[in-house]
């Protein structure tokens, strides 16, 4: 809960005070704002989900009263499906960098960015319906888990898919950064527009690389903990399995570190347009 509250504060502070100072074009800022929106959605739902668990735990007179109504589990389902929105936004950013590197027009870049934002909302909705449509919200449960008996096959497929996309996206970001660096050093151009575009791409990608790498590392850790939990599930009690499922959720740390990295880089002056000009 504390991590999620700090994440929301960092997002609001960075978006309000520093985002307008960046060297990014408006279309890239749209993707950054969308990423911030998903971080806020994820963090708010996590605060409410964990808060409801604590509330029912502390006001309960006995163990049966400590169980939460299953209706609260919808927050956990939203948390689970929202995690894949982050990688879609990251892929959209990499696609923008690729289009800009190969001199595609602003209209193509706007369409790509807005399609990425749309997919980041639509895909989790479809994925959530497919995963949880058989789960009932009636009755009570000791703990709301994102992995349910009915949703496990769909969720594991998505975990593998997102892992592959995340790693490929991080590699593509690195390759694009090296490509722009090579072009800037070897391309003999006296066109200031082209030169500035190369430097702008290089600086933007240099700042996005840590965030893309962070998400890839976090998701690899998440993937390994989920696989480990599934492998030893048969030898664990239900209580311990729920505990390992809760520990496996490292995505809140990404929600905290992502805006923090942006804030540090912006405050260090890396995104100052006047300095680049």
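Note that Cβ sites are derived from N, Cα and C of the backbone, with glycine treated the same way.
Features as listed in TrEMBL:
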type	residues	note
TRANSMEM	31-54	transmembrane segment
TRANSMEM	74-99	transmembrane segment
TRANSMEM	111-133	transmembrane segment
TRANSMEM	153-177	transmembrane segment
TRANSMEM	208-232	transmembrane segment
TRANSMEM	238-266	transmembrane segment
Practice task
Give residue numbers and ranges for long-range contacts of the transmembrane segment (74-99): same chain, 6 or more residues beyond its ends, CB-CB under 8 A.
Solution key: 27-28, 31, 34-35, 38-39, 41-42, 45-46, 48-49, 52, 108-109, 112-113, 115-117, 119-121, 123-125, 127-128, 131-132, 135, 137, 144-147, 155, 158, 162, 165-166, 169, 172-173, 176, 201, 204-205, 208, 211-212, 215, 219, 249, 251, 254
Fill in the blank from the handout: Spatial neighbours of the transmembrane segment (153-177) not adjacent in sequence (6+ beyond its ends, CB under 8 Å) are 80, 83-84, 87, 90-91, 94, 97-98, 101, 127, 130-131, 146-147, 201-202, 205-206, 208-209, 212-213, 215-216, 219-220, 222-223, 226, 230
